[in-house]
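To start, the structure under review is shown below, and the notes come after it.
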């Protein structure tokens, strides 16, 4: 895993699968969405195989691994079931995330500092089969430093607090928190990605932070695609972040 010379867009297609699973149909197909996203300029495709299988299914992951032209960023919880599945399919990139059954979406970052031994064992286990691991964490120096200690080459900073901020003061504070996290992560020698809650009206400020390698965005893209089409939604987002990062 190397730092990109330009900002990258990772497209999360989980909510294409959410729409499919709502009726238990074969459509819309998240694999087709992934291929359309690649054609529109996505640099990678992110999928989260949750314990409850509420959206992405194992079959989706297997198909994506075979057909993607870019790369798959496989999000998973730190469980024996998911570690065994990862060992079976050997994705090139894995992001370890926290997961609880009741949450609507991932609500916070992984507590690496509070469970270093467990996370370190998972990172080492995945590294042995050639997987490059990132950790989805809050933009907190304690968590970033712990991520470095457990051997992860990359982190993804949770931007949810920034996305949920209500007042201009709160927005500025949370944006600065992310920027400080990026700077600290880079100083630790980590590759720093970011994502969660980003959309067309708040992404530019994050994309403009120097040193961010990749932004992972999903829900906003799928929502916008209902009105403009998936390729157009991805192309618009890619143009926004590239322009902001210049």
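Cβ coordinates are placed from backbone N, Cα and C, and glycine is handled just like the others.
Feature list (source: Swiss-Prot):
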type: ACT_SITE; residues: 48; note: active site, proton acceptor
type: ACT_SITE; residues: 75; note: active site, proton acceptor
type: ACT_SITE; residues: 196; note: active site, proton donor
type: BINDING; residues: 12, 23, 197, 218, 219; note: 3-amino-2-oxopropyl phosphate binding site
type: BINDING; residues: 14, 15, 50, 55, 105; note: 1-deoxy-D-xylulose 5-phosphate binding site
type: SITE; residues: 156; note: site 'Transition state stabilizer'
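Structure with Swiss-Prot features highlighted.
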{"residue": "12", "record": "3-amino-2-oxopropyl phosphate binding site", "Cβ contacts under 8 Å, 6 or more apart": "45, 46, 47, 48, 195, 216, 217, 218, 219, 221"}
{"residue": "14", "record": "1-deoxy-D-xylulose 5-phosphate binding site", "Cβ contacts under 8 Å, 6 or more apart": "30, 46, 47, 48, 55, 56, 218"}
{"residue": "23", "record": "3-amino-2-oxopropyl phosphate binding site", "Cβ contacts under 8 Å, 6 or more apart": "none"}
{"residue": "50", "record": "1-deoxy-D-xylulose 5-phosphate binding site", "Cβ contacts under 8 Å, 6 or more apart": "56, 77, 99"}
{"residue": "75", "record": "active site, proton acceptor", "Cβ contacts under 8 Å, 6 or more apart": "46, 47, 48, 49, 94, 95, 96, 97, 136"}
{"residue": "156", "record": "site 'Transition state stabilizer'", "Cβ contacts under 8 Å, 6 or more apart": "95, 134, 135, 136, 137, 192, 193, 194, 195, 216"}
{"residue": "197", "record": "3-amino-2-oxopropyl phosphate binding site", "Cβ contacts under 8 Å, 6 or more apart": "159, 160, 162, 163, 164, 219"}
Candidate with sparsest Cβ neighbourhood (10 Å radius) among 48, 196, 219, the listed recorded positions: 219
Distance, residue 15 (1-deoxy-D-xylulose 5-phosphate binding site) to residue 196 (active site, proton donor) (CA atoms, angstrom): 13
Cβ neighbours within the same chain of residue 15 (1-deoxy-D-xylulose 5-phosphate binding site) - under 8 Å, at least six residues apart: 55, 218, 219, 222, 223
Cβ atoms near residue 55 (1-deoxy-D-xylulose 5-phosphate binding site) (within 10 Å, other residues, all chains): 21
